[in-house]
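Since the structure comes first, as structure tokens, the remarks are kept for the end.
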Amino acid sequence: MELQAISNEIGPSLPVTPGETSVTSLNVNDNRETSDSQVVSRIGNASRVRARVQLAALFFTMFLAGWNDGSNGPLIPRMQKVYNVSFLVVSLTFVLACIGFISGVLINVHWTDKLGFGRMIVLGALMQVVGYSIQAPAPPFPLFLLSFTFNGFGIAVQNAQSNAYVVNLRHSSELYMGMLHASYGAGALCSPLIATRFAQLHHWSFHYLVSLGLALSNVIILALTFRGRTQDEALARVGQAGGLETSTSDRSNFRQILSLKSVHIMAFFALVYVGVEVTIGGWITTYIIDVRGGGSSSGYISSGFFAGLMIGRVALLWLNKLVGERRVLYIYAVLAIGMEFIVWFVPSLIGGAVAISLIGLVLGPIYPIIMNQAGRVVPRWLLSGSIGWIAGFGQAGSALLPFMTGAIASKTGIKALQPLLISMMALFPILWALVPSSPRRID
């Protein structure tokens with residue numbers, strides 16, 4: 001009876017004999033295994049495609065963040081002329097951006113659990129659209145300043161969400177983190193090339209129309225790619241199940257994050273690092289023009305710095321792995337300080353330009369290393385919020401240190417840029433030594 005049942009299930013026209021049954025059953029099992037493997041293969045291929053699409057969307061988001069920061073250097077001298085303002089007053093653009101960054105950090109930590117990854121990152125992208133829409137017609141200076149708050153808020157939220165997504169990847173997260181921030185370097189490399197040209201035109205603010213077009217594209221890409229999904233849902237679509245690690249504490253995630261000393265150390269490190277990075281990109285053009293006698297094309301030196309930044313974040317991954325991220329950061333800090341001394345004391349326009357590019361090369365890997373370390377020492381259930389906190393404070397540094405530079409330059413001249421940068425770089429190894437190498441348990 002059992003043999004007949006199998007025969008009917010396979011096909012009634014086939015005769016069944018005891019000798020043939022085992023062969024037929026094996027053929028059926030083989031066919032089913034082949035079919036299952038084909039389904040698994042198709043699912044795996046679809047997951048890989050979705051993973052590439054999601055990462056590409058985040059890379060473009062970071063490209064736009066770099067584009068925004070890289071625009072400042074060539075445009076600051078033109079802003080001063082158009083609005084007839086001093087170093088100190090034009091530096092208020094960084095202060096308003098800082099307010100936006102800090103607001104973005106706080107909103108991101110509180111709203112991510114409510115709105116989810118997909119909605120929060122689109123909200124950040126929309127804020128950039130608002131900022132560029134205000135900047136494009138070159139409005140009166142107070143309104144022009146306000147636009148930087150919207151930009152700062154949007155970049156802080158997108159930066160936090162992008163870093164949190166990549167650091168939660170279980171495979172090749174170090175590689176993708178390097179590529180994510182290389183995308184920032186690519187944006188910061190391209191924008192001075194465009195901004196330098198616009199700075200020489202009558203309608204200089206039309207540079208922000210280009211930025212607005214990129215920002216609108218960013219909104220559309222993020223909305224279509226993530227469709228309002230949470231981070232766990234987005235990761236599940238690329239074949240990564242949500243983490244099983246959960247909190248055993250009765251305190252809110254925000255309070256647990258605030259209790260982690262390592263998070264605050266890395267946040268302050270990110271603040272100093274990003275501040276140094278954006279200060280170089282934002283003020284080096286003015287330094288070259290005023291101190292080294294460079295011409296109107298000096299903005300391209302800023303592109304050289306960001307080109308080094310982009311290349312270093314990918315090309316030096318092998319060195320990070322060979323030496324170890326913990327030790328190699330000290331080497332990068334020492335090399336950057338040494339080359340900054342060359343820029344300061346060697347009165348050569350070409351030599352300074354080369355040194356600035358090399359500074360970008362060795363500074364490039366530092367920020368991804370900070371994020372990777374956060375992924376190692378912060379509990380999994382607090383990782384997204386902690387990464388947002390660290391990245392947000394880093395963005396605040398991109399406003400605070402450039403403003404300090406402008407305030408000091410208004411009193412002593414832009415020649416104060418180099419000693420300020422060196423003193424900030426000297427903090428790198430000190431702060432890195434304070435970052436723990438193993439996670440702290442939260443009860």
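The first residue you see is number 1, and the count goes up from there.
Every residue gets a Cβ built from N, Cα and C, even glycine.
The region 'Disordered' annotation in TrEMBL covers 1-21. What TrEMBL lists as domain 'Major facilitator superfamily (MFS) profile' is 54-441. The annotation transmembrane segment is assigned in TrEMBL to 87-109, 140-157, 178-199, 205-226, 265-288, 300-319, 328-346, 352-370, 382-404, 416-435.
Among the recorded stretches 178-199, 265-288, 328-346, the one sharing the largest number of Cβ pairs closer than 8 Å with the transmembrane segment (300-319) is 178-199. The transmembrane segment (352-370) makes contact with the transmembrane segment (265-288): 3 or more of their CB pairs lie within 8 A, with pairs spaced 6 or more apart in sequence. For the transmembrane segment (328-346), the neighbouring stretch richest in Cβ pairs under 8 Å, chosen from 87-109, 265-288, 382-404, 416-435, is 416-435. Long-range neighbours of the transmembrane segment (382-404) within the same chain, counting only residues 6 or more positions beyond its ends whose Cβ lies under 8 Å from a Cβ of the stretch, are 69, 72, 91-92, 94-98, 101-102, 104-105, 108-109, 112, 117, 152, 155-156, 159-161, 163-164, 167-168, 231, 247, 253-254, 256-257, 260, 263, 266-268, 270-279, 282-283, 367, 370-371, 374-375, 420, 424, 442. The largest share of C-beta pairs under 8 angstroms with the transmembrane segment (178-199) comes from 265-288, of the ranges 87-109, 265-288, 416-435.
Nonlocal intrachain contacts for the transmembrane segment (265-288), taken as residues 6+ away from its ends with a CB within less than 8 angstroms of a stretch CB, comprise 69-70, 72-74, 76-77, 94, 188, 192, 294, 298-299, 301-302, 305-306, 309, 349, 352-353, 356, 359-360, 363, 366-367, 370, 373-374, 389-402, 405-406, 409, 414-415, 417-418, 420-421, 424-425, 427-428, 431-432, 434-435.
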